[in-house]
Each structure stands twice: as C-alpha cells, then as structure tokens.
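A.B. asks: According to TrEMBL, the protein carries these features:
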type	residues	note
DOMAIN	394-511	domain 'RCK N-terminal'
TRANSMEM	6-22	transmembrane segment
TRANSMEM	29-47	transmembrane segment
TRANSMEM	53-72	transmembrane segment
TRANSMEM	84-107	transmembrane segment
TRANSMEM	113-134	transmembrane segment
TRANSMEM	146-170	transmembrane segment
TRANSMEM	176-195	transmembrane segment
TRANSMEM	216-249	transmembrane segment
TRANSMEM	261-281	transmembrane segment
TRANSMEM	293-316	transmembrane segment
TRANSMEM	322-345	transmembrane segment
TRANSMEM	357-376	transmembrane segment
Amino acid sequence: MVLLNDVIVLLGSAFVASLIGNRFKIPNIISFIIAGALIGPYGLHLIKAEEAVHFLAELGVVLLLFTIGLEFSPAHLARLRKIALLGGSLQIFLTALITGFLGFLIFKLSPSVSFFLGAYLALSSTAIVLSLLQEKGELDTPYGRASLGILLFQDMAIVPLMLLVPFLAGELKADLGLLFITVKTIVLFGGAYVLSRWVLGFFMDFVARTRSRELFLLATLTFCLLVAWLANLAGLSLSLGAFLAGFILARSPYSHQATANILPFKDLLICIFFVSVGMFFDVRLFAKYLPLILGGTVAIFFIKSCVIFGILRYILRYPVHIAFLVGVSLFQIGEFSFVLAQEALKYELIKLDTFQLLSSVSILTMLLTPLVISFAKHRLPKAVDETACPLVPANHMIIVGLGVAGMALRTAAKKVGIPYVIIEMNPETVRREKAAGEPIIFGDATYEYILRQAGLEKAKVLAITIPDCKSARVIVGLAKHIKPDIYILVRTRYAAEMKSFLELGADEVIPEELVVALSMFARVMRLYLVPEEEIQQHLEEFARKHYALFSRDVSEDAARGKRHKQLKGGK
C-alpha cells in the first residue's frame, strides 16, 4: 500500500510539474527533476518506499536502452565502432585525467579519491541524451550516432570502474574480479549470438503467428528483461544487457512492433527515473555550497565539452558543428555516476557530504542539459538539418495491409512510379516481401510509432485496406492527429459505415457491398445488351445517389472535386 501511495504522489507531482512546465515551455525532463526534488527526502519527504521507486526508475533506463538497441542493426553498430572504441576511451581517459589532476591540485585530494572523482565526472547521462535524441528524431544523424557511440562505451566502462572502487579503497581483489567478469562477458555475448542466430527467429515467428497483441508484448518484455538479467549476472549493467537484447531483436522483422509495444511502458518508467534523480537534490546543501557547485558545474562544462570537441574534431575528423554539438550535449554527469558514487560510499572511499555535493552538481548539469542543447542548436541550425538521414521517401503512399486490395494498390503504384511503404501484420508475408526487396514493415498500424516509422509525416496518401473496421477507425484518427492534411482512403465492408469514417476525417471510403452492387448491376445490364454509354450513366447515377446519403453537408460531386484538387496539389 505504501508503494501505491508513493507511485500516486510521484506521478501526480510529475503531471503537475509537467503541466506547469509546458505552460512556460520548460522541457519535461527539467519538470520531472524539480518534482522529484520537491517530494524527495530533502524536500517535503512524501516518498516512503524510496528503494522501490529507484527500482522502477532503473527499469525505465532498461527499457530506454532496449528501444535504442531495437533501432540499431549490425550495420549501425559497425559504423559506431570507431567512435565508441577510440572516441569513448579517449573521452573517459582525458576527462578523468584532467578533472582528477585538478582535484588533486586544488582540493588536495588523495590519488585514489582524485582518480574516483575523474571517473565520476567523465560519465554522461545516457537516459537524458538518448531521450532528447529520440524525441527529436536525431538518433540516426551523424550527431546522434557520435553521441550514442560515446555513451555506449561509457556504459560498458562502468563495469571495470566499479571493480576498481574496492581496489582504490584498499582491497586487492579487483584484478581477479576483472578477469572473472571478462570471461562471463565473453560467454554472455556468445550466448546472445547463438540465441539470435538459431533460437529467437523461430520463437518470434511462433508468437507473431498467433496475432495476439498481449502474447507479443509479453514475449518482448520477457526477452528484454531476461537478457538484461543475464548481463547483470555477468557483472555488466542492466541497461547494457537491455541494449544487447534490443540489438539482437533488431535483426528480426519484428523490431518496429516490439518498439511500439514497449514505448508506453518506457515513457512512464523514464518519467519515474527523472523524478527519482531529483529526489537526490538537497536544497539546503545546494544553498550552503552554492559558489562551489556553480563553479564546479561551469568547470565540468568547459572541460568535458572541450575534450569531446577536440577528440571528434582533431582525431576523428568530424565537422566542426557536429563536434561542437556532441561536446555540449555530453557535458552533464550521468546516472551511472550515482551508481559509482554509491559504491564508493559503501567502501568508504568518499564521505556522505562528498556524495551529496557530487549529487547536487550532477543534478544541476542534468537540469541544464536540455537548455544547453537547445541553445547550441539555435546557434548552429545546420548541425541537425545537414545531417538528417531520411529513412523513407517523401510524398509516398502508405499501404496498410497486403491482401488482395493492398497488392492491387502496390501494382498500380509500381506501374506509375509512386513510392510506397507497406505495413503488414502477417509474419510470413513480411518475410517473403522483404526477401523480394519490398519496403515493408511488420507492425500494427493502430500504434502511432508504426505509422511514424512508415513516414506518415512525409506521406501524401494513406490507404487502409484491412477488413477490420474497428482498427481502421483507430488508424484514421491517429493519422489525422499526426498529419491533418494526409489524404486517407479506407476500405470498409458496409455502406452504412461510410459516415463514421468520413466524420473521423477519411477522404474516400470504399464499401465492399457498394462495389459488388455496381459490378453486378453492370454485368446484368450487359447481358441484356444495354449500350455501354447508358450503362456508365446508370452506374454514375447509382453511385452518386448512394454517396449522397453519407456526404458531409456538400454534394458528393463537390467533395470529390475538392479532394481531387487537394491530392493533385499535394496540399
């Protein structure tokens, strides 16, 4: 019951903070952190089951990394190899060296504590940066890939860094632990390869063939958490294991639907994560050490930004604007730094006051991150525009369902050169068409994420050919919400359903029974040798009268003329 009360308080405060933040155009991340500071142990102390809340927050990071992994194929990861291994290792080494040396020089810290301080400050926030990249659709730009490469290396580095903490505190078991964890990591990655190569495909095919949303969701969540748990057993972070799970599943045709299923859970738990980060914030300590905290924040910003900029610009030869944007994006201190600091506190490498002081600096850098990135983009507007990598064509047609009607539309589009993307739920159809080189996505079009993956924002026409009337209504509503001027054609079984689709925003509704009636009408008249011109006149009159029953305050001729003009003009 205590946990339920805490969750209600947490979500309620996040909602109010986000509502106020939206009113003043404050990013949600900042609103959530402020909400956490207010309800946390150093604020109003409204949260009692803090450990349970932090567990839910960690699940949020796990699901975030899982969705990131789903978006990255082996080809994507191969492109990140250089930036991750060379850029990431140099970034951690140089940042830790400079900040650790300054701590030793200015604050007279011991070499062990100086090294810990450098490692603590070197890590950036995977959750914040990747959330912002996903939100803006910039994950697959050079800027996004460079940021992700460095962040992934940092996530991997947390394991050996944590093993070094007891060594720095005076225990000498770290070397053996490092060897043991290396062996377990090799076994984990080998097992993951076997799983993706020979087991996962058959398992997901079986689940997809059931056409059960619930079963697909359960399979996806179970797989994600299972691999994350195995990674944790090997001594790796849960989030790195979740990324590995997503990366494995990305090789299958089911990655888009898996992402669509996970997103609502991920967004909720990420909200809890940022609120939990705010709970570390001690207002009294912040006020007491304000000059030191502000000075430390400014110093960290310049040191980390300059180190990352220098590595990307002068060693990896990135363009200036990309190097600059990545540098300012990764200046903050990350969530894994909290984990590292808690480990140091446990082994008495640092004191509680030091932990709270570092936490205050970390939270301040997190709060500033969305504002700094936004400012940097306004100063360098070309940094994103020039690097965007469109994954779908513009002005294309989206075909929902590849049955008889869908295949007819595809054939017509091919003949006249209209670009198209297909959304289909039959796993066997998707596999066959993908092998033939067709632009097809496995997914349920009633999910907003699936429509966006098909490029709805850039599309000209959405053709819904599935026979499921209920799902078709959901798709029409979603599509009009995402892109109000999208031209929508809908197939339906009964003429009586036309009105509801037109009210939802569909531009053309084609009922099967009307098409059958017209076809039978024409065939009978031809049997009685009625002239073709007269048949066409009767057909047009029949169709006009029938459509008029369900028109929207205008005649069907006027509506058709308007829609034809809009479609032709691309408006």
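One-based numbering along the chain as shown.
Glycine residues also receive a Cβ, built from the backbone N, Cα and C atoms like all the rest.
Please treat TrEMBL annotations as automatic predictions, because they have not gone through curation.
I'd like these features described in context: how deep, what's nearby, how far apart.
C.D. replies: Panel annotation: around the transmembrane segment (6-22), residues 28, 30-32, 34-36, 38-39, 46-49, 52-53, 56, 271-272, 275 of the same chain, lying at least six beyond its termini, place a Cβ under 8 Å from a Cβ of the stretch.
A Cβ distance under 8 Å defines the sequence-distant neighbours of the transmembrane segment (29-47), meaning residues of its chain 6+ beyond its ends; these are 6, 9-10, 13-14, 16-18, 20-22, 53, 128, 131-132, 271, 274-285, 363, 366-367, 369-371.
Residues 29, 60-61, 64-65, 67-68, 91-92, 95-101, 103-104, 144, 147-148, 150-151, 154-155, 157-158, 161, 164-165, 168, 239, 270, 273-274, 300, 303-304, 329-337, 340-341, 344, 349-350, 358, 366, 369-370, 373 of the same chain lie 6 or more positions beyond the ends of the transmembrane segment (113-134) yet place their CB under 8 Å from a CB of it.
Panel annotation: around the transmembrane segment (216-249), residues 58, 61-72, 77, 126, 152, 155-156, 158-159, 163, 177, 180-181, 184-185, 187-189, 191-192, 195-196, 200, 203-204, 207-208, 210, 255, 257-258, 261-262, 265, 336, 339 of the same chain, lying at least six beyond its termini, place a Cβ under 8 Å from a Cβ of the stretch.
Sequence-distant neighbours of the transmembrane segment (261-281) (same chain, 6+ residues past either end, Cβ-Cβ under 8 Å): 10-11, 13-14, 28-29, 32-43, 47, 50, 53-54, 56-61, 63-64, 66-67, 70, 127-128, 131, 213, 216-217, 220-221, 224, 335, 338, 356, 359-360, 362-363, 366, 447, 449.
When Cβ-Cβ distances below 8 Å are used as the criterion, the transmembrane segment (357-376) is approached by residues 27, 29-30, 33-34, 37, 120, 125, 128-129, 132, 277-278, 280-282, 285-286, 289, 292-294, 296-297, 300-301, 324-325, 328-329, 331-334, 337-338, 341, 350, 383 of the same chain, each at least six residues removed from its ends.
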A.B. asks: Grab the same-chain neighbours of the transmembrane segment (53-72) for me: Cβ-Cβ under 8 Å, and only residues 6 or more beyond its ends, written as numbers and ranges.
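C.D. replies: Long-range Cβ neighbours of the transmembrane segment (53-72): 6-7, 10, 47, 80, 126-127, 130-131, 134, 139-140, 148, 155, 224-225, 228, 238-250, 255, 258-259, 262-263, 265-266, 268-273, 275-277, 279, 335.
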A.B. asks: Can you tell me how the residues of the domain 'RCK N-terminal' (394-511) break down into helix, strand and coil by DSSP?
C.D. replies: 55 helix, 26 strand, 37 coil
